[in-house]
Every structure is written in C-alpha cells, then in structure tokens.
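Below is a structure I'd like to ask you about.
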Amino acid sequence: MVGEMTNNGRIRPSFPVKDLTSNEGSEYGGPVEFTREDVETLLHERIKYKSKYNYKERCENTMDYVKRLRLCIRWFQELELDYAFEQEKLKNAMEMNEKHCADLEVNLKVKEEELNMVIDELRKNFASVQVQLAKEQTEKLAANESLGKEREARIAVESLQAAITEELAKTQGELQTANQRIQAVNDMYKLLQEYNSSLQLYNSKLQGDLDEAHENIKRGEKERTGIVESIGNLKGQFKALQDQLAASKVSQDDVMKQKDELVNEIVSLKVEIQQVKDDRDRHITEIETLQAEATKQNDFKDTINELESKCSVQNKEIEELQDQLVASERKLQVADLSTFEKMNEFEEQKESIMELKGRLEEAELKLIEGEKLRKKLHNTIQELKGNIRVFCRVRPLLSGENSSEEAKTISYPTSLEALGRGIDLLQNGQSHCFTFDKVFVPSASQEDVFVEISQLVQSALDGYKVCIFAYGQTGSGKTYTMMGRPGNPDEKGLIPRCLEQIFQTRQSLRSQGWKYELQVSMLEIYNETIRDLLSTNKEAVRADNGVSPQKYAIKHDASGNTHVVELTVVDVRSSKQVSFLLDHAARNRSVGKTAMNEQSSRSHFVFTLKISGFNESTEQQVQGVLNLIDLAGSERLSKSGSTGDRLKETQAINKSLSSLGDVIFALAKKEDHVPFRNSKLTYLLQPCLGGDSKTLMFVNITPEPSSTGESLCSLRFAARVNACEIGTAHRHVNARPLDYRLSLG
C-alpha cells in the first residue's frame, strides 16, 4: 500500500521494505515497514541506560539505535529510487504514446491521400460513365454499378476515418491519465524529499555520538566485504561446476540409456539361451527314451532322426546366441569407455566454440572496415571517371523500318580502345565518329543498361548528389530507358530498378547500424510551368489553359541545396509504394500524339529521391539526393507538323533544350557567367550541372535513316557535355536533424 489517512487529514506513508539482510536489516527478521509515526518516534526517541557508567551497554544501545536509523534511511532511499523509476517509466510511456499519436496522424494523412486518389479515380470513372449514358442508354446499369462502388468507397473512407479518430481519442485519454499519474508521483516525491531532509538534519546531530562506533562498524564492513567477495568467487566456481556437471549428466544419461538397453538385451538373450537349453535337455531325454525303445519300436526311427536334426539346429542357435552375448558385453565395455571420450570431446568442442566466436568478432570488424574501404574506393573511381559522364543508347528498329538501311547509317568500331565506347554515324557519305563512356547497341537489355549505372546509384546512399537524365529527339527511347514498359518485369526502366536496388541495399546495411529515410517528389515542366504530379488536387495538376493555378517557386539556399516550394513530398518505405506513385504521376503527365511519335512526352519529367541515413554505432549522418530526369524530345516543326497546342508545346520544349545547350556551351568554355536562369529546366538543374553532383547523361538516338540529322545533332551535343569539367562532387555528412523539404541538389 502507498499510504493511509490519519486523523488530522495528512497522509501517513506505509510502504513495504525489501529485505536488507546484506546489512543491518538482517537483525529484524526480513521485511520492515515504517509509518510516519514510526519515523517520528524513532527521531524523538531518548536512549535510557540502567547504569550511567556501563559503557558497554551504552555502546550496544547506541549501535542498535544507529542501525535502526540506517535501516530507516535505507528504506527512504529505496523508496525514492522506486519513485524515480516509476516516474521515468511513466515518462517513457508518455513519450511512446506521443510517438504513437504522431504515427497515427501520419498514417491517417497517408490513408486519406490514398483514399482521395481512389475517390478521384472513381469520380473520373463515374464522369466517363455519365458521358456514355447520354450517348447509349443501354449502359445505364454499368453506370449505376460504378456509382455504387463510389458510395461504398466513400463509406469505407468515412468508417476508416471514424476508427482512426476513435483510436486517436483513446490514445489522448491514455496520455492524460499518464500525466495525472506523473503529477501524483511528483507530489509524493516532494513529500519524501521533506522526510529525507529532516532525517539528514537529525542524523548530523547524532554524528558526534557515532564516531566511537564507526571503527567497529568499519571493521565489520571490511570483514563482510571480504566474505561477500569470497561468496561471489565461490558462486562463480559453483556455477561453472554446475554447468560441467549438467553436461556430464547429459552424456552420462545417454551412456546409461545405452548400457540399460544392452543389459536388457543380455538378459533377454540369457533367457532365450536357457529356454533353448531346456528344450535341448528335453529332446535329449526323449531321444534316450526312444533309443531304449528302439529295439522294440523300429517304426520311430524317422522321428528320432528328425529330433536329432532339430537338436543339432538348436545347438547351432545356442552357439549363435552365445556369440551375440559376448558381442553385447563388448559393446557395453566400449560404451563405458566412450563416456570419458565424450566428456573430453565436449571440452574440446567448447574450446572450439570460444575460438570460433573470437574469429566471428574479428570477421565482423573486418567486414565493417571492408565496407568503409569499398565506399572510399568506389567514390574515388567515380571521381576519376569525371563528374559528367555520357552513355549513348541506340534504340532497336521498329516494325516497318528497314534494317539494312540502319546497317549503312550506324556502325560500331571494333578497335580495342573504342570497343563498347565508340559509334560511327554516316550522313551524306561522310562518317562522323564519336566516343563516349559507354555505347549500348540496340540488342542491349534494360538490365545491361542498369548494371552500368548501379554503382553511381550507390553513391546516393553514401551521401552524394546524383543526377541521371535522358536526352534525345522524340521517339528515340528516352521514356522507355527511364520508365520501361509497364506490366513487363524484364523491361522495367532505370527509375524502378534504382529504387529496388536502394531498398535492397538499405535492408542489407541495417546489420551495420545504418537506418535510412526516403522521400519522393515528382514534377513536370510543361510550357515553362511547374506541375506537381503527386498532388491529389486535380486542378493543381492541370488547368484547361495549360497553366497550373498553383505557383511552384524554385529556391536555392546558401548550402547549394534546391527545393521547390509547396511541392508534394511523400515518405516511401517500399518499392511497391514507389510503383504506385509512378503510375499516379504517369497518368497526370502531359502526353500527346505527333507526326513523329504516337505517344510523345510533351513535358520534362523530374523524379527526385532524397536519402537521409544515420548510423547508430558511429552517430554519422549522410544526406544524398538522386535525380532521375526524362527530358521531352527535341523535334523539328517541319517534320512534326505540329499546330495549335502541339505547336506551343514544341516551341517551349525546343526553347528549354536550347537553353540547356547554352548552359553546356558556357560550362565547356569555362565562362564566368552561366545562363542557368534562362529556363525553368536549367534553373532546376543548376545543382546537377554546377559542380556538386555526380551527373550522367543518356543520349538516345534512333537508327532510322530519315532521322540522321537529328541523331548527329544529339551526338554532337553529347560530346560537348562529355567534355565539360564542372568540378568535384562532395559527400554530404553532418549531424543536423532531417530536413523534410525535398532537395533537388
């Protein structure tokens, strides 16, 4: 019990005290309980002596009084520790409840966003059904079913929101209860501090009387300490002997079981031998009787012969059983000897286990050091390769295109220095030779392409800024390279493959103490306007006039980081969640049909992944950024035949790509002024092209002979990019708290 009320209304503490048998409490028979009256009585107690000159009695009474005081003080100290522990426990419970509430709020927000997406999709389906209803009356039933699904989804959303709200209210009630308990504990803690102060004050008055008794107490303490240490050592030895005895008993039990089995087998064999001997004696008696009567009864000769044969067979069986008995006795002797051998083997195995544990610890340390060295060497290799690298990819011929013409237009050198890196383009009888970091032929698979960039993606986990973008004319395979073909796992693009590698690597690095948080944003630049592709507000993504009503401003800070104001940022925990977001963004992206491409991307697509990692053992924090960009395709107005909105889109695309060319040209010439602000695209890519990022460009070209001019322009632009020196990328390591605004650089 915590306490009880006295007549004057004050609380009289009454707490059970643990057995203090290691010290003075052993004289009072175990558990002791104090009340406030007991404490006051003890403090005001006056020691009475039978004789004023009996110093032995005075010393014993004083020591007894001091022991009771020390027991009371010890009780208050343990009580204070219990309250401190309870207070810390309640504080931890409150923090866990607050964290649980925060997690519930985040989950509620994510669920609301997902369900809003579902509702928007259902509304879109319902709108299309309504249009069909006006045209064809026969589809009325399908429209009603779609409306029913939307209502069910809305009811499910409302029920889910109600359940989450109820759980949140319950958690808040638990938090309020915990706060009340903490307040009560604080009040009791103050009361105990007052008691402790009064006891310490009175104890200081008695300190003078205790000086004579201190010497005896110190000697007793030293003796007790020595005894306790001896007991501890003996307990350790006893524990080790118990473990050895238990192991020996296990081995002995196994041997005894084998011995009992062999003894039982020997007894059984002896019984069988005795039975056979009895049968033999009985048959011998019968034979003797028959032989005595043989002269009279010749008819029994056959029976006698049969019995003799049986007797010989039984004699053989007796010999075999005797041999088995001897073998069993030998096995028993071997089992007795194997008991000692097993005990010795157990000790050897125990030593081997300890040695293996030591080797395992050394191997783990070497693994950690090796991982550090791998990261260092990997980043050194990337630096030596250059900050802006260029890969060229030639798409395969489509159906209807002449493969023989492709062989005349594009060729690949076979010399050792240019193998896998060179490409030759033939135009009007003149050959143009280019060399890049890597050239992918049309037969190269998506996996082949990803293997070449996988180490660059690893740099983002190590704390670097990484940018990969695809450039080329419309229809050259940029979107296929970056996104792949939905529904076909073998043709997944670089973006989903990069995310799968990052999630797998994050899982493998957990054993080394690393924890990562990942955040995703997706946007498009359409007609020099930024659109948020993850926004749940449909009007914020696209307006009828092609201009987004939401203004998204690009901001650069002093540290070289870039973020887009008000852009939707989503915390991701799995590659499936990212696939869902990519599908959502693909539905919102601007795509149109032109004379050169059935599904032409009419905007620049920017996928950004911010990576924040923390190592619990080294307390090191890294922050990396991975930008994956699918640029809109360049096209000539004379070939695309664009008019109206398509004409405006083409002009905006060509203008932004021209601004990108101006930036690359200025960087290649190392001019003082680089025109990053000439377009939204170049301003957004400023961190990737400004020297603090590891940047890779894919130049995609088509083998179609009619596109040789555009392919030559793309290859020349790529060669200029490959010649740029933009500086050395830096690893971003710090101990600052996570910034939840997604940075593009």
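Keep in mind that glycine also has a Cβ here, set from the backbone N, Cα and C atoms.
Annotation source Swiss-Prot lists ATP binding site at Gly472, Gln473, Thr474, Gly475, Ser476, Gly477, Lys478, Thr479. For 76-223, 259-389, the entry in Swiss-Prot reads coiled coil, with the evidence type sequence analysis. According to Swiss-Prot, the feature domain 'Kinesin motor' maps to 387-724. Per Swiss-Prot, the feature region 'Globular' maps to 1-35. Taken from Swiss-Prot, the feature region 'Disordered' applies to 1-31. The annotation region 'Microtubule-binding' is assigned in Swiss-Prot to 65-77, 198-745.
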According to DSSP, does Gln473 (ATP binding site) fall in a helix, a strand, or coil?
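Strand, per DSSP.
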So of Gly472, Gly475, Gly477, which of the binding-site residues has the fewest other Cβ atoms within 10 Å around its own Cβ?
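Least crowded of the binding-site residues Gly472, Gly475, Gly477, by Cβ count within 10 Å, is Gly477.
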Kindly report the helix/strand/coil residue split of the region 'Microtubule-binding' (65-77) according to DSSP, in that order.
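Within the region 'Microtubule-binding' (65-77) the tally stands at 13 helix, 0 strand, 0 coil.
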Which whole-number mean pLDDT does the model give the region 'Globular' (1-35)?
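Summarising the region 'Globular' (1-35) by its mean pLDDT gives 45.
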Name the residues of the same chain, 6+ apart in sequence, whose Cβ is under 8 Å from the Cβ of Ser476 (ATP binding site)?
Arg395, Gly633, Asn700, Ile701, Thr702, Ser707, Ser711, Ser714
Which one of these binding-site residues, Gln473, Thr474, Thr479, has the sparsest Cβ neighbourhood, judged by other Cβ atoms within 10 angstroms?
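With the binding-site residues Gln473, Thr474, Thr479, fewest surrounding Cβ atoms within 10 Å: Gln473.
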Which number gives the other C-beta atoms within 10 angstroms of the C-beta of Lys478 (ATP binding site), all protein chains shown included?
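So the Cβ neighbour count for Lys478 (ATP binding site) comes to 27.
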